[in-house]
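Per TrEMBL, the features are:
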- 63-79: transmembrane segment (TRANSMEM)
- 88-105: transmembrane segment (TRANSMEM)
- 111-135: transmembrane segment (TRANSMEM)
- 142-160: transmembrane segment (TRANSMEM)
- 180-199: transmembrane segment (TRANSMEM)
- 206-227: transmembrane segment (TRANSMEM)
- 239-263: transmembrane segment (TRANSMEM)
- 270-290: transmembrane segment (TRANSMEM)
- 296-314: transmembrane segment (TRANSMEM)
Amino acid sequence: MPSVVASEPLRRSIREKWRKIWTKRSLMGLLLGQFVSLLITSTGFSSSELVRRGVNAPTSQSFLNYLLLAMFYGVFVVRRQRPLQINWYYYLMLAAVDVEANFIVVKSYQYTSLTSVMLLDCWAIPCVILFTWLFLKTKYGLRKFVGVAICVAGLVMVVFSDAHAKDRAQGGPNPLKGDLFIIAGSTLYAVSNVGEEFIVKKGDRVELMAMLGIFGAVISAIQISILERNELKDLNWTAGVVLPFLGYVLAMFLFYSTVPIILKICGATLLNLSLLTSDMWAVLIRIFAYHQKVDWMYFIAFAGVAVGLVIYSISKKEVETAQVAVATDKQDKREDEEAAMGNLTRGSTTVVENQSSGVVNQQPSSVTILPKQDSYVATSHHGN
């Protein structure tokens, strides 16, 4: 019987702690992170389909996305008829970094292997942590670093599971150049994500998307006229080319529209950790859509990345709040017990006080009469 009584407060404290840790904010961040991860997976398959059909125009794909952002969000900015909350040149610099990051990362596939890109793409995570710590003054506890380490370890496991692939054996025509490209592109992605996080928390999400679309479209158009003009001129615009193009643009538009929300809720680090699962979603698509066999390590890696995301998304403040709630519950129980003991003590002393109350009350009354008389006499004497 005592064990049952003791287990009920324990279960109640566990439920309370669970509710405190799994807040609506952390769950929303995890769900949105996996949504953008699926979108990135969709853009990867669209780009692969375009490459399979002989299309090599990465800046042109980004141009349509920036143009759609400018048209959609620009309408809301114009209707507001108010000045920009952030100076325009900040948006210009952010757009330039974002455009070149997209271009360099896509370009790296021409020189190095796919597994090298997957591995070196993790470079964006320590860059984001460093930049947010330096410029946004974000504090990271031990729990955050444990979550990051587990996520990266899961992705490294995927890379090692592909060690037997021909892709890794070939290594690409110029692996060193490709590796340097992906490191540079990942660094620019980190700069772009941290810049967007700063603007979202200081300014407005709609304004960010509109200005990023406008300047991104302008920069992309200039770059297309220099680098991809002949490619677009010789391109045969069939349905097999147009549909992947439109699919890429739609997925990128939804991705860019969702990213600022994640940055405002959870920050740039959780965003980049969530994007690690895009490779896992690609594996699931290969299994169910193309009926391909994959190594068993993929599933362990996916579970590892998921665990790392959960650990990272649980902030130290939320855990401390849960611990305080449990401690408060225990303190309330102790106070109730002390109050019950105090009532018993006061009840035993009340009888003694009531027996002596007559004597105690008479003495003050006899004392208080004399000052009143003295004060009356003194007052009448002063009046005379």
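The backbone N, Cα and C atoms fix where each Cβ goes, glycine too.
Annotations in TrEMBL come from automatic prediction, not curation.
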* Structure fact -> Given 63-79, 206-227, 239-263, the one sharing the most C-beta pairs under 8 Å with the transmembrane segment (180-199) is 239-263
* To do: Could you pull out which residues elsewhere in the chain have a CB under 8 Å from any CB of the transmembrane segment (206-227), counting only those six or more residues past its ends?
  => 57, 59-60, 62-63, 65-74, 76-77, 84-86, 88, 91-92, 94-96, 98-99, 103, 196, 199-200, 256-257, 260
* Stretch in 88-105, 239-263, 270-290 most in contact with the transmembrane segment (63-79), if contact is a CB pair under 8 A -> 239-263
